[in-house]
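Listed in TrEMBL for this protein:
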| type | residues | note |
| --- | --- | --- |
| TRANSMEM | 38-61 | transmembrane segment |
| DOMAIN | 131-265 | domain 'Fatty acid hydroxylase' |
| TRANSMEM | 180-205 | transmembrane segment |
| REGION | 282-301 | region 'Disordered' |
Amino acid sequence: MLPFTSIGEAEAALGRNLTAVEAVWFQYSSGMHDFCLYAHNIVFLLLVYSVAPLPVALAELKRPKAIHKYKLQPKVHVPVADVLKCYKNVVKTFLFAVGPLQLVSFPTIKWVGIRTGLPLPSVWEAAAQLAVYFVVEDYFNYWLHRALHSRWGYDHIHRVHHEFSAPVGFAAPYAHWAEVLILGFPAFLGPAIAPCHILVFWLWFVLRHVEAIETHCGYDFPQTPTKYIPFYGGAEYHDYHHYVGGRSHSNFASVFTYCDYIYGTDKGYRYQKGQLAKQLTEQEKAKNQNGETNGMWEKYD
Ligand SMILES: [Zn+2]
Ligand SMILES: [Zn+2]
């Protein structure tokens, strides 16, 4: 809760006028308990999960040629009933596993120093914190995800996430509740190492969520802005992990490609890509342009 009762008091404490964004934040959060602000996170997660995968999911219903040519596994069409079942399961996991965990973790969040007051962080400070969170999350997610591909981990937990061998956006957080909690841990690690303002904390979870939805969307759109991020994996990278499935020992990282490269777990993927580049004749290229592609991976069956 903000320790000021008026904007004037806040400005006197800061020794300057509030920025427009700070004034909006003051109006919104003054009088609101920090616990209530923290609880916003689960609402944002549910909202993003319900809205972000929709455009591609709706396009998938009609499958227009202009978009279909970017589909990574074009022969696979996930039935609407399966997507709805997936959505229901994920919402249940959010409400009965992620939500309670978020609420009981409130004291930890306070302890590590997630703040809600003024001043707000600068854009540069927020960007630096987000960059740290992505790198930290990616590294620890890599090892936990790799451990989930052990025989026990896969059979008891991770196989649920791999039920979609051709993923869709709604399947990004579709997993055993234990996996959601296990892989949620690296997401909290970054803010614990470099504590931030609650606004950056919200933004971090929203961005990570959107990123996961993009990498599971089943399409590799050439115009995606994330393609300009160095070492970014993207949809094609993670789609291969799902395509190979349970026997997959490739592409474990959640966001970037360098962990798999350094630890040698992208060899299968790079081999397939190399073979694909060799075999892609001019005729096949023309077929791809007409939307008649066999997909990225099918020719290796
Ligand atoms: Zn996996
Ligand atoms: Zn996945």
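A Cβ is built for glycine as well, from the same backbone N, Cα and C atoms used for every other residue.
Keep in mind that this is a model prediction, so the values were computed, not measured.
Note on the transmembrane segment (38-61): residues 67, 77-78, 80, 83, 87, 90-91, 94, 98-99, 102-103, 106, 109, 114, 168-170, 172-173, 198, 201-202, 205-206, 209-210, 213, 217-219 of its chain, located 6 or more positions outside it, place their CB under 8 angstroms from a CB of the stretch. Long-range neighbours of the transmembrane segment (180-205) within the same chain, counting only residues 6 or more positions beyond its ends whose Cβ lies under 8 Å from a Cβ of the stretch, are 25, 34, 37-38, 40-41, 44-45, 93, 97-98, 101, 105, 108-109, 112-116, 120-121, 126, 129-130, 132-141, 144-145, 148, 157, 173, 254. When averaged over the domain 'Fatty acid hydroxylase' (131-265), pLDDT in the model lands at 95. Here the domain 'Fatty acid hydroxylase' (131-265) is broken down by DSSP into helix, strand and coil counts: 91 helix, 4 strand, 40 coil.
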